[in-house]
Amino acid sequence: MCTSTKRSDGEPDVNTSPPNSGATARDSEGAAQEWPAAAADNARRLRVSSNAQATALQTSANTDPSGLWGPLAARSLYFFHDQRRAWLRLDQASGQWLGWAADGASAAGLSGGAAAWSPWGAVVRQEGGPHTARWFVGAKTNAAFNECDEPVLAGGGAETAFLCEPVSGPARRLSRRELLLRSTLAARALRDALGTTPSPRIAVHLPNGEEAVVWIQAAKRIGVPFVAVAAGTSAMTLSSRLEDVGAALLITSSGLAAASREAAAATPRPPRALLAGPASGDEDWSDRELVSLLWRVEPPVPVEASHPLFILYTSGSTGKPKGIVHSHAGFQLGLAAPAASPPVAGFATASESPDAAASTAAAARAAPPSTGDVLLVIATPGWITGQAYMISAALLSRTPSVLLDGSPVSPPDRFAAVIARHRVSVLKAGSTFLRMIMTNPEAEAMLARHDLSSLRLGTFCAEPVNSVVHDFAMRHLTPNYINSYWATEHGGIVWSRCHGNDDQPLQPDARSWPLPWIDAAVLVADGEGWREAAAGEKGEVVIRRPYPYMALTVRRPRCDRAHEGMRRANGVAEP
């Protein structure tokens with residue numbers, strides 16, 4: 001499923017059979033009747049305070065994925081009930097399906113407890129191998145509803161969604177209701193621009209600021225897959241992305257218009273261009289009135305759980321195909337479940353209880369908005385860490401997120417000044433970024449000039465880390481700096497550290513462990529088979545079983561008819 005080079009030191013016991021061996025057609029049916037019974041027991045099962053408990057949870061996740069992921073999905077995401085025309089989630093306190101009617105945004109619900117409804121026919125369906133796994137088969141949801149509409153319906157419209165730091169000028173606060181308003185109007189503009197284009201896809205080529213988030217949320221709202229391309233991307237690379245995804249529309253800004261025009265001109269089937277611009281709206285309505293009015297303009301479209309959400313391109317290689325496709329439900333579950341499940345408490349601080357467990361919400365989960373956490377991710381929407389944690393996880397957990405446009409080290413202490421100015425408590429920055437900081441001979445003195453005491457947590461991501469960089473981060477940023485790993489195809493964190501686990505001590509040694517629901521191994525090719533890597537030996541990092549937030553598929557050009565046929569046969573919409 002994925003390979004990388006990684007030391008096997010500190011890895012828990014793993015099954016050393018060859019990757020993907022013995023895959024057979026499997027369907028976790030019975031979900032409509034059996035999975036609700038697991039909801040009450042799920043909290044206890046997710047508590048991890050030892051490697052033995054982690055192994056037990058992994059075994060449970062492998063043998064009964066419906067029992068683990070079904071209750072988490074029901075409590076974490078809203079799904080659309082076609083007959084009731086309502087967005088519903090299983091309320092943890094009452095045990096009832098509660099939510100909002102699609103007509104008028106009034107309160108809605110079902111009586112009869114968890115068993116009153118199952119949004120899906122099967123929690124997971126696997127046919128032939130991990131790459132064909134489909135999650136929450138038959139369910140409908142929408143990423144924009146979960147991220148934008150629901151927090152406003154719940155009365156959080158005045159909360160800060162993003163703290164926008166432009167290249168020049170003062171920082172700006174973007175509230176949740178303003179994000180909802182602007183993204184809904186942008187969604188209407190998208191629908192009008194796309195017209196009757198069949199299976200449309202769009203490209204978003206904007207600076208790392210509020211406009212990028214607005215248009216990304218607009219695409220999610222109407223169920224149009226998008227590719228986000230970083231502002232600094234060359235015209236040649238942008239053209240390659242446009243051609244590969246077959247983008248019908250390119251969203252850009254006046255500052256990037258020249259590069260966008262050059263890229264479009266070099267594309268065999270150039271997309272239409274739409275220039276993004278600032279917009280504002282009336283703030284006189286209550287949160288629920290605003291949602292009700294906006295749903296008359298452009299309501300969130302219920303889409304299949306496996307409907308393509310976005311396409312991102314892996315960096316560091318030139319091989320093709322490389323467009324990674326993620327879906328609405330699975331991708332969001334990997335970010336939202338910890339916020340809805342107290343035992344899966346995100347990355348707990350060192351002082352928190354041993355019952356806290358690591359989770360895929362990782363650095364972005366933090367705590368309820370009342371605690372005042374603020375998240376800073378050194379990333380752009382064109383990177384998986386930007387899509388996952390800077391945007392989606394921050395919105396799902398109602399944690400304000402900083403959008404840092406331009407270079408975080410121009411001037412050299414810019415990122416440190418931003419941390420101090422916004423009292424950032426959770427920092428997500430990769431080892432490459434920190435190594436760049438370390439090359440500055442004045443790095444330690446520069447950091448000491450800023451008040452970084454608000455930081456309670458830091459995490460690496462998606463890059464090799466050594467003990468020297470880890471030690472620097474723990475000494476000069478926060479002693480609670482952990483090593484997390486994942487890449488574009490993983491969707492969210494798959495290796496990290498359970499803070500309540502005494503078998504996983506926090507030391508500046510760059511160690512990382514598979515999360516309890518990840519069936520991972522470090523294997524070495526040995527003749528015709530595979531064997532487990534010995535301590536200190538490098539090998540291939542392999543994930544042997546599917547999980548909901550892994551990549552849906554790999555995007556191939558439409559001319560690849562054979563691959564398209566396979567995708568259709570497996571019930572996957574054209575990404």
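Quick reminder: no glycine exception, Cβ is built from N, Cα and C everywhere.
Whatever TrEMBL says is automated annotation, not expert-curated.
Taken from TrEMBL, the feature compositional bias 'Basic and acidic residues' covers 1-10.
The region 'Disordered' annotation in TrEMBL covers 1-40 (among others).
Look at TrEMBL and you will find 14-23 tagged as compositional bias 'Polar residues'.
Here TrEMBL flags 31-40 (among others) as compositional bias 'Low complexity'.
Taken from TrEMBL, the feature domain 'AMP-dependent synthetase/ligase' applies to 164-547.
The feature compositional bias 'Low complexity' is assigned by TrEMBL to 262-280 (among others). Long-range Cβ contacts of the compositional bias 'Low complexity' (262-280) within its own chain (Cβ-Cβ under 8 Å, at least 6 residues beyond either end) map to 178, 182, 185-186, 189-190, 193, 202-203, 205-206, 211, 214-215, 235-236, 238-239, 242-243, 246-254.
Annotation source TrEMBL lists region 'Disordered' at 262-284 (among others).
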Check: Tell me, what is the mean pLDDT of the domain 'AMP-dependent synthetase/ligase' (164-547)?
Finding: 86
Next item on the list: Sort the residues of the compositional bias 'Low complexity' (262-280) into helix, strand and coil with DSSP and give the three counts.
Entry: 4 helix, 4 strand, 11 coil
